[in-house]
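Asks: Got a structure for you, questions after.
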């Protein structure tokens, strides 16, 4: 393997142009896949697996009832937050004013004027749009509102507002009952003296009033609806907030009510959302965060140029080489996206934001490792130095890259689309970056060395200064780690502090892993101050009703008492969920059973004297024909027309699929949505299991939020599975290419970094308060990323420790002063500088899930790498990591020293190496010679040194006292060693 890396480095350095062109061609071919690129922005396509139960239930519901309608809502409140009751006639007039404009405005789509009537959802055919609004109480008639002397009394719903008393109190123009909690928010009750109203009642005072527009969402109207939402809905409401009254007045129809004056409109503001708002918010957030990402990359580039060269120097700076490294990272990202796009795997914004940082961290680490090792080489030709460099660090880089690639590939086995896409993109990107590091970067490093050799300026290579003095490589950080930091690590106070921090982190992690919650606060993914952010703030604070949900029944027999009993049990069980379900349950079955009774007081009003003579299809047809304005509905509440959209009939007129409607209680956070889903599903599943459904029958709950929050029922399992699979992959890879002990150590410390990350996340949530980091797809992606970065922190140093000779502490010091410095400047500092900038991002999501989590990754990686790992290696020793292998033959002349000792080979190596008084550990060839020398003789080859130093004799005199040596010579287990210097 070593010879392979040697030849790769030698060839890449000898033919840099050829290597560069081959790499560029291969990456160009992979990048052609960008023509097939699909960017995933739809939240459902990102977080919902097509194999999940909720997705399958949604597909089944959509097949029967069509896609869930599009929801658009605005909330009216005072600009002055000290004003309490917005439920006044003036506020209602403003609502009518806005509704009038929204209803009448047109948008030109494909040469045709499109209005709300063309797009709105109609639950009852041949009826108007369903737009729940406070003005529905007055039938959208401002004249009725003007005549009303007590609007609070009207909301008691005891008397019809209609002069002819033909309309059910508190029902809209379509006759659909108004749910007061859906149109009023922040409700409180006004107490009145001499109140004679019976029973419990409430004279409503409200902090907000809400209006909801439901639009069709089928494939024929979806695109038109999106345009209408942007050009009519959002434009109208933004005009009110921006006080663009001229625009509003130009669209208002004044025939019914005069327009409110500007002074009145100045008192109000609206917070609103559209169905498209989430996708728009993602795009806006990405655009706003773009500049901060660019600044982050620029700072990392500046740092690389500073750290990899000898700043300040017009020739020996490293900005040209750093630019080449950044080019490799960009090329790796583009190539990975293109290659993955060949297989129709979409790109998510998470991948676009996270993977460049991941590749940059790993790539820069490898850049520093290769560059630092190259600077240590003393061979006169660049080709030999480059070959020796890759021979020495190539195995370490390769092992880390294989572990990271396989760990990400294993993570792609998850069913969550966004996480799956990220893991595949990351695995491909990391591997391509590794390939380019040992090929293209070798070419860049060769060109940069040639540039320095010819004294050409950094970045401005056309300029030359042949008289510029040569500067020796500075080893400030390496010297600090080897001399200063190594002494600090030996200090008892440092050792005690390390133990205390380790134990504290472990305890915090054990607590945090049980305390951290699942979910994702919707406002976290929004830009603070945006329309959607402001809407969610008011919605959480004041809205009094939860999302609409359905209980869907497929292939039940409504003439079978068993199935009818099942429906009744389901309805009763749901109504008892007082914590999450808000009664009543709107059941067409219950209303239909009343309609078909043989003897009841409503027989005449409902005209059901002969209903028993007909078959079920006919009964259903007559039931659904009962109009809202009929006596049967007005007097007895049997309104078949209102259930028209809930029943799907087969070709014979029997019920194929039907649904019961209910509302959840107000939900203000992820935990509430998760609880609602879990409780509803548990209750329904329990009833269904007891009932034992027949073949082909299905019963399940469905609500639009279920689709998004179902992931949180298994997100913990996804996180644990991904971490364990990644660790297992790293273990088996390290075992194959190294050994079991090495694999165990790497896996242990990679696990500790990830485990500590969870604990410190929980701790920072408590310390900083506000929005918190929760377990969701974004944090799981970051957790998988943490595994990859942790391998970089740990693997290189462990492998270097194995190769070092000497005592435990000396091997630790050697590993830290060589590989530790590369990891420090290459990954820790680069990542810290790049991530620190993200703290200024306008997005809360960036601040929490990228800035805070990545900073914690770097800090924990640094602690576990440079404190805990060093401490463990020093205390535990782990001599099993000491190996003997053939390395490089060093040519003669050499001087022979014959030593007769009982000590084993490891001790001799320790004696000969520790006191060679050279900064670089010499390469050693150990071979067993049986022909010219007796059995048990080993020959150790060392580079030529100044003989006056005589380090081997000094070592022997230091370690072996004369009396002890004499005893060893007289013993029976004498081995003869030749130390050749």
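Cβ atoms are placed via backbone N, Cα and C, with glycine included.
Bear in mind that TrEMBL entries carry predicted annotations, made automatically and left uncurated.
Residues annotated as transmembrane segment in TrEMBL: 15-35, 290-309, 321-343, 349-372, 393-412, 424-447, 493-514, 714-733, 740-763, 775-799, 820-842, 848-866. Here TrEMBL flags 289-447 as domain 'SSD'.
Quick one: where do these features end up spatially?
Replies: The list of residues near the transmembrane segment (321-343) in space but at least 6 beyond its ends in sequence, with Cβ under 8 angstroms from a Cβ of it, reads 24, 26-27, 30-38, 297, 300-301, 304-305, 308-309, 355-356, 359-360, 363-364, 367, 371, 421, 424-425, 428-429, 432-433, 436-437, 440-441, 444-445, 448, 459.
Nonlocal intrachain contacts for the transmembrane segment (349-372), taken as residues 6+ away from its ends with a CB within less than 8 angstroms of a stretch CB, comprise 39, 41, 282, 286, 289, 293, 297, 300, 304, 307-308, 318, 321, 325-326, 328-330, 332-333, 336, 389-390, 393, 396-397, 400-401, 404, 418, 421-422, 425-426, 429-430, 433-434, 437, 441-442, 445, 478, 777-778, 781-782, 785, 788-789, 792, 796, 818-819, 821-823, 825-827, 830-831, 834-835, 850, 854.
Long-range contacts of the transmembrane segment (393-412) within its own chain (CB-CB distance under 8 A, at least 6 residues past either end) are made by residues 1-2, 4-5, 8-9, 362, 366, 369-370, 373, 419-420, 422-424, 426-427, 430-431, 434, 437-438, 722, 725-730, 733-734, 737-738, 746, 784, 787-788, 791-792, 795-796, 799-800, 819.
If one looks beyond the transmembrane segment (424-447) by at least 6 residues along the same chain, the residues whose Cβ comes under 8 Å of a Cβ in the stretch are 5, 8-9, 12-13, 16-17, 19-20, 22-24, 27, 30, 321, 324-325, 328-329, 331-333, 335-337, 339-340, 345, 347, 351, 354-355, 358-359, 362-363, 366-367, 370-371, 374, 382, 386, 390, 394, 397-398, 401, 404-406, 408-409, 411-412, 784-785, 788.
With a cut-off of 8 Å between Cβ atoms, the residues of this chain six or more beyond the transmembrane segment (714-733) that come close are 399, 402-403, 406-411, 413-416, 419, 423, 518, 743-744, 746-747, 750-751, 754, 775-777, 779-780, 783-784, 787, 791.
Below 8 angstroms of C-beta separation, residues 285, 288-289, 292-293, 295-297, 299-300, 303-304, 307, 357, 360-362, 364-369, 372, 477-478, 481, 527-528, 789, 792-793, 796-797, 850-851, 854-855, 857-858, 861-862, 865-866 of the same chain, each at least six residues beyond the ends of the transmembrane segment (820-842), sit close to that stretch.
Long-range Cβ contacts of the transmembrane segment (848-866) within its own chain (Cβ-Cβ under 8 Å, at least 6 residues beyond either end) map to 353-354, 357, 485, 501, 505, 524, 749, 752-753, 756-757, 760-761, 764, 771-773, 778-779, 782, 785-786, 789-790, 793-794, 797, 816, 820, 823-824, 827-828, 831-832, 835-836, 838-839, 841.
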Asks: So if I exclude everything within five residues of the ends of the transmembrane segment (740-763), which remaining residues of that chain have a CB under 8 angstroms from its CBs? That is, six or more out.
Replies: 403, 505-506, 508-513, 515-516, 723, 727, 730-734, 773, 779, 783, 786-787, 790-791, 793-795, 798-799, 802, 852-853, 856-857, 860-861, 864-865, 868-869, 872, 878, 880-881
Asks: Grab the pLDDT values for the domain 'SSD' (289-447) and give me their mean, rounded.
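Replies: So the average pLDDT across the domain 'SSD' (289-447) works out to 83.
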